[in-house]
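Novice: Have a look at this one.
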Amino acid sequence: MSLPPEKASELKQLIHQQLSKMDVHGRIREILAETIREELAPDQQQLSTEDLIKALRRRGIIDDVMKELNFVTDSVDQELPSSPKQPVCFTDRQSTLLKKTNIDPTRRYLYLQVLGGKAFLEHLQEPEPLPGQVCSTFTLCLHFRNQRFRSKPVPCACEPDFHDGFLLEVHRESLGDGTRMADSTTMLSISDPVHMVLIKTDIFGETTLVASYFLEWRSVLGSENGMTSLTVELMGVGTESKVSVGILNIKLEMYPPLNQTLSQEVVNTQLALERQKTAEKERLFLVYAKQWWREYLQIRPSHNSRLVKIFAQDENGVNRPVCSYIKPLRAGRLLDTPRQAARFVNVLGYERAPVIGGGGKQEQWCTLLAFLCRNKYIHKPANPDESPIAEQPKPLYPYRTIGCVFNHQMFLGNCQPSDSVEICVFDLNDESKWKPMSEEAIKSVCAPGATTSLPPFPPLCASTIDASVTSNEIEMQLRLLVSEHRKDLGLTTVWEDQLSYLLSPALASYEFERTTSISAGNEEFQDAIRRAVPDGHTFKGFPIHFVYRNARRAFATCLRSPFCEEIICCRGDQVRLAVRVRVFTYPESACAVWIMFACKYRSVL
């Protein structure tokens with residue numbers, strides 16, 4: 001495989017840097033001097049090259065170098081010379097398991113290392129977990145220029161043992177610069193921060209957003225050796241956004257090292273100019289928003305009580321225009337149809353914002369990365385007091401009043417005499433009914449890259465959940481819970497695997513209907529149940545839907561339904577129980593969990 005001259009020189013530079021890092025030259029000199037002293041005979045004038053190579057190989061120097069420079073090539077590249085070359089790989093030998101990371105020697109990378117944490121005082125009294133013990137964990141999620149990473153979970157502690165490295169590619173998106181290595185000046189103009197989100201997962205699998213931090217990484221461009229260490233103080237979220245939750249030790253390194261570094265004064269000046277430009281844009285938009293609001297109130301004094309929100313605080317307590325929280329997302333191959341996308345949003349759900357003490361209604365806006373990484377949803381099941389066959393009322397719309405509507409480009413205030421949904425006219429182009437804000441003003445602070453304070457939107461990630469394994473785990477846990485519950489009632493439990501298996505088509509049909517609004521497969525399911533239930537026996541089934549994977553929590557919810565409790569606590573002759581769980585995965589590890597409890601027994605009059 002031949003390389004272009006520029007790529008060959010870059011590759012040579014990488015190898016030279018790695019050899020220098022290992023101090024290979026010094027070790028070779030020591031071995032050569034030792035070999036000459038020990039093996040050079042008095043009548044021998046010099047050692048041959050083969051003798052020297054044998055000495056180096058015998059002492060393991062060559063093996064060490066080859067392990068460090070573990071290059072991997074793809075045979076596909078040789079077969080398809082016209083296709084883009086796959087980047088070479090290096091092996092991270094410091095990790096417990098050897099992991100290969102793609103490295104393109106023609107690209108510039110920022111290597112971000114998290115070297116432990118301290119001062120997480122909430123966990124000051126946290127006992128050290130025993131080996132194999134389930135404990136609460138911290139996970140750090142990162143987003144940088146369309147790249148997302150997740151650290152290994154570490155036990156919650158006052159000094160959590162974070163030791164992870166993330167290789168972030170720094171590139172230009174402009175046409176023609178895609179294959180050019182970014183230099184110092186180019187990287188100084190890239191204002192995207194590294195968004196870091198800290199998530200806590202408790203022993204029940206429930207997740208909590210702990211902190212959200214935007215790391216300004218360009219200080220490394222002004223360091224002499226292209227390397228710098230930082231101490232990052234993480235603040236809480238929501239009402240605790242002014243309270244410190246802990247400190248992370250961060251190390252930043254450019255790879256390959258910069259040929260020419262910038263002075264720290266140049267870097268600081270660039271950052272100050274960007275902050276000044278952003279502050280001016282935000283000031284002008286605030287002036288415009290105040291003027292728009294005064295005009296809106298002059299239309300009708302009652303508008304003062306309508307739900308018109310132009311600004312909202314994010315998880316860090318920073319006021320942002322509400323239009324900046326929204327952006328159309330391309331799901332790639334993760335979602336195929338609009339109905340699938342709607343189903344994905346539906347299983348995301350929402351949660352009640354935590355609040356200390358009493359007060360009115362609470363709300364918590366947050367950036368998209370913090371929302372997706374938290375992966376915490378609320379369950380809105382069907383009414384458990386109703387039979388699953390009963391028709392559930394479906395409102396035509398989920399709102400009673402609408403004060404405003406907005407997206408990533410528009411903001412419209414409802415200026416009709418009444419904001420009741422039932423009588424509102426939704427002709428958004430009629431300015432006598434909907435007062436618009438200037439699209440140019442919104443674009444000045446909400447368009448991508450308009451301000452450095454605007455957090456970039458992350459891409460969606462595929463689910464990491466194995467649907468079959470998770471379904472089986474939840475099902476086994478529910479079997480155990482049912483058996484224990486019946487044992488407490490003095491009842492024995494006999495499971496019928498075949499009946500459980502026959503419940504699968506029904507669960508698949510329920511999810512298919514939620515996704516497509518088309519009902520299918522009900523007749524086949526009923527026929528299979530009729531064949532499985534002997535004459536003189538009765539069959540009962542109870543399906544229910546959740547958007548979380550906590551089996552104990554789901555079981556407690558099911559027991560609140562008299563219909564489900566009747567199945568679980570079934571008494572009679574030849575009672576056979578069945579339970580089936582089917583997990584349907586969606587992007588961001590969101591999931592729809594369908595559970596059906598069933599029983600069959602001989603009817604005794």
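Yeah, the Cβs are placed from backbone N, Cα and C, and that goes for glycine too.
What TrEMBL shows for this protein is this:
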- 10-69: domain 'CEP76 N-terminal' (DOMAIN)
- 102-259: domain 'CEP76 C2' (DOMAIN)
- 392-437: domain 'CEP76/DRC7 peptidase-like' (DOMAIN)
- 464-602: domain 'Centrosomal protein of 76 kDa C-terminal' (DOMAIN)
Novice: For the domain 'Centrosomal protein of 76 kDa C-terminal' (464-602), report the average pLDDT of the model, please.
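Specialist: Taking every residue of the domain 'Centrosomal protein of 76 kDa C-terminal' (464-602) together, the mean pLDDT is 91.
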Novice: Please list, for the domain 'CEP76/DRC7 peptidase-like' (392-437), how many residues fall into helix, strand and coil according to DSSP.
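Specialist: Reading the DSSP string over the domain 'CEP76/DRC7 peptidase-like' (392-437) gives 0 helix, 12 strand, 34 coil.
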Novice: With DSSP helix as H/G/I and strand as E/B, how many residues of the domain 'Centrosomal protein of 76 kDa C-terminal' (464-602) fall in helix, strand and coil?
Specialist: 71 helix, 36 strand, 32 coil
